[in-house]
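For reference, TrEMBL has these:
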type: DOMAIN; residues: 527-678; note: domain 'STAS'
type: REGION; residues: 1-33; note: region 'Disordered'
type: TRANSMEM; residues: 147-167; note: transmembrane segment
type: TRANSMEM; residues: 179-199; note: transmembrane segment
type: TRANSMEM; residues: 205-224; note: transmembrane segment
type: TRANSMEM; residues: 259-278; note: transmembrane segment
type: TRANSMEM; residues: 285-306; note: transmembrane segment
type: TRANSMEM; residues: 343-365; note: transmembrane segment
type: TRANSMEM; residues: 377-397; note: transmembrane segment
type: TRANSMEM; residues: 417-435; note: transmembrane segment
type: TRANSMEM; residues: 442-464; note: transmembrane segment
type: TRANSMEM; residues: 476-499; note: transmembrane segment
Amino acid sequence: MSSMGGSADENLETKETHVRSLSSSHGQEPYVHKVGIPPRQNLFREFQSTVKETFFADDPLRSFKDQTKSRKLILGIEAIFPILSWGRTYNLAKLRGDLIAGLTIASLCIPQDIGYAKLANLDPEYGLYSSFVPPLIYAVMGSSRDIAIGPVAVVSLLLGTLLQSEIDPIANPIDYRRLAFTATFFAGITQATLGVLRLGFLIDFLSHAAIVGFMGGAAITIALQQLKGFLGIQKFTKKTDVISVMYSVLSSAHHGWNWQTIVIGAVFLAFLLFAKYIGKKNTRFFWVPAIAPLISVILSTLFVYLTRADKHGVAIVKHIKSGINPSSVKEIYFTGDYLGKGFRIGIVAGMIALTEATAIGRTFASMKDYQLDGNKEMVALGAMNVVGSFTSCYVATGSFSRSAVNYMAGCETAVSNIVMSVVVFLTLEFLTPLFEYTPNAILATIIISAVINLVDYKAAILIWKIDKFDFVACMGAFFGVVFASVEIGLLIAVSISFAKILLQVTRPRTAILGKIPRTTVYRNIQQYPEATRVPGVLIIRVDSAIYFSNSNYVKERILRWLMDEEEQVKVDYQTRIQFLMVEMSPVTDIDTSGIHALEELFRSLQKRDVQVIIKPSTVTILNDIMWQISYQRKHNFEQLVLANPGPIVIDKLHTSNFAALLGEDKIFLTVAEAVAYCSPKLAEDP
């Protein structure tokens with residue numbers, strides 16, 4: 001096979017050489033393939049196509065084609081409530097898997113919910129409320145089979161931090177709670193709006209590296225916040241940065257720590273970490289770390305009750321209000337000063353919750369090989385948070401730890417969320433008095449053990465190896481959260497993500513191309529060192545569209561390549577550069593600023609006595625064409641030659657009449673044909 005391939009390559013080389021020899025000996029130009037002109041589209045169709053690709057790239061209405069009106073109505077209802085679709089095939093075998101998974105995640109969520117409510121500066125029952133109503137709504141409207149819904153550590157901390165900057169939760173708990181419900185309402189509105197308007201791509205602007213750093217920093221911050229409960233400290237700073245927290249911890253070391261609390265926390269933290277180790281060591285024991293938090297709560301509560309450790313300074317949960325969620329519709333701020341504050345906080349919390357849920361949903365969907373409709377997910381998450389805000393819940397989303405347990409427990413559908421919700425309902429109705437003697441230390445311990453996995457140092461190391469700029473974004477978000485605040489870290493994460501986008505747009509990559517031996521293929525000489533340059537011709541490729549943001553840079557970068565090459569040619573006594581070929585196949589579009597920059601490049605090259613070949617995926621409407629042609633004739637220069645235009649560019653060339661002025665015989669399909677055109681010209685040059 002290799003010998004045949006080599007023979008074919010040699011034949012291609014022979015043909016190319018033969019074309020050149022014929023051209024130079026007989027004065028004939030090599031055959032030029034004509035570049036196709038795309039059919040013209042009217043403005044409405046072009047606009048329609050652009051809108052479709054932007055907002056409806058997944059073609060969500062495909063299933064409605066060629067259907068009766070009644071069938072379309074049914075499909076529309078099923079699109080809003082997916083449970084009506086998969087519910088028809090539900091059976092006892094699936095119920096068994098969902099029942100086991102639901103009971104397992106319920107045992108994990110109950111102690112976590114009580115702790116996460118404290119992170120949000122809310123009473124414990126509000127954490128349980130948020131694992132009762134939202135999972136029911138999601139089970140009906142959500143499309144993921146594996147996501148477990150409820151409060152999560154990062155969103156709870158973010159919400160608590162932003163809310164307490166507006167209202168003191170201790171001095172004014174009622175207004176604080178009302179603002180929390182208001183923020184939850186607008187978080188849901190934000191999520192649902194993004195889904196309805198199909199703007200889910202906006203959350204992709206927060207890069208994976210920034211999310212890794214933000215989550216890691218938030219995990220450190222959350223863990224440090226739990227030192228209050230872990231050490232039994234009464235007076236603790238409200239700030240979240242590591243310096244303030246450590247100062248508060250160390251300054252209270254002599255008189256503020258409670259050794260009984262520390263013993264309880266240390267013993268059960270060791271137990272939880274050991275349970276996690278067992279679960280990781282053997283996946284068959286996934287249920288061990290899942291039920292370990294509930295076992296810890298039961299044992300620690302029993303210990304405190306029997307020893308009356310609460311009389312010796314061990315802080316306990318005390319009373320948890322029993323009963324299901326009371327209505328909170330009238331508590332939401334729809335007017336007044338707090339409306340704007342709730343709106344702002346809700347947008348931030350909603351976007352972070354959406355980002356986490358989307359990442360979790362996509363992860364498990366790929367593992368089980370099924371499609372997840374991101375826009376439907378946003379509508380479902382938004383609806384459950386809007387309803388949750390009416391039923392005394394705060395922002396809920398997909399929890400990674402619970403979703404992982406749900407997956408490993410063998411969940412089949414979203415019914416596992418319904419099972420979990422029923423267990424939480426029974427807890428609210430009958431079991432809340434049992435948590436009265438639960439020590440705060442055990443809740444702090446459960447949260448610490450839960451957030452440890454959010455510090456993904458392996459991902460950070462991989463990011464460093466792959467992309468150093470991504471690593472800067474990761475560390476910027478991490479240190480912003482740890483040393484400043486959650487909102488500052490989030491701002492840094494978003495800013496660096498946008499900075500990377502701007503840098504890539506304004507500073508596109510360029511490369512010098514050479515010919516791969518025994519082929520007619522031209523590639524980057526840095527990637528392929530064996531590629532040889534064509535004497536007298538400098539071939540440069542621009543790997544980006546040319547817009548107003550980068551057009552000047554592209555022009556200057558090409559000129560710098562040319563100057564460097566000319567200096568090297570003088571040193572090595574090589575054939576002087578007579579043609580500059582700009583290979584722009586990767587360039588998908590160009591605007592007027594790009595055209596103006598290319599015109600300036602053309603004039604600069606004329607002054608340098610360098611002839612130009614520009615691959616027209618980039619050259620479109622070149623102004624002042626008549627001046628260029630007259631200038632070329634006056635100074636006996638070759639005409640401008642274009643090669644391999646894309647459909648958008650060639651359309652602009654013909655629309656501007658530039659193709660007719662230039663001559664269609666000067667528009668080439670490939671770099672090889674353009675080089676073949678240059679070769680006899682180089683031979684004729686004295």
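Just so you know, the numbers here start at 1 and follow the chain as drawn.
Quick reminder: no glycine exception, Cβ is built from N, Cα and C everywhere.
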- Flag the pair the transmembrane segment (285-306) / the transmembrane segment (442-464) as in contact if three or more Cβ pairs fall under 8 Å (sequence separation 6 or more). yes
- Item | Positions on the same chain near the transmembrane segment (259-278), where near means CB under 8 A and six or more residues out | 229-232, 285, 288-289, 292-293, 296, 299-300, 303-304, 309, 312-315, 439-442, 444-446, 448-449
- Query: Are the transmembrane segment (205-224) and the transmembrane segment (442-464) close, by which I mean at least 3 Cβ pairs under 8 Å that are 6+ residues apart in sequence?
  - Reply: yes
- Message: So if I exclude everything within five residues of the ends of the transmembrane segment (179-199), which remaining residues of that chain have a CB under 8 angstroms from its CBs? That is, six or more out.
- Response: 55-56, 120, 122, 126, 159, 162-163, 166-167, 328, 331-333, 338-339, 341-343, 345-347, 349-351, 353-354, 374-390, 392-395
- Query: Against which stretches of its own chain does the transmembrane segment (377-397) lie, if we need a Cβ under 8 Å and a gap of at least six residues from its ends?
  - Reply: 80, 117, 120, 122, 126, 129-135, 137-138, 141-144, 149-152, 155-156, 159, 180-185, 187-196, 200, 325-329, 332, 349-350, 353-354, 356-358, 361
- Message: Can you work out which residues elsewhere in the same chain, 6+ from the ends of the transmembrane segment (476-499), have a Cβ less than 8 Å from its Cβ atoms?
- Response: 157-158, 161-162, 205-207, 210-211, 213-214, 216-218, 220-221, 239-243, 348, 352
- Item | Outside the transmembrane segment (417-435), six or more residues from its ends: residues with CB under 8 Å to it | 98-99, 101-103, 105-106, 109-110, 113-114, 124-125, 128-129, 131-133, 135-136, 138-139, 147-150, 297, 301, 317, 320-324
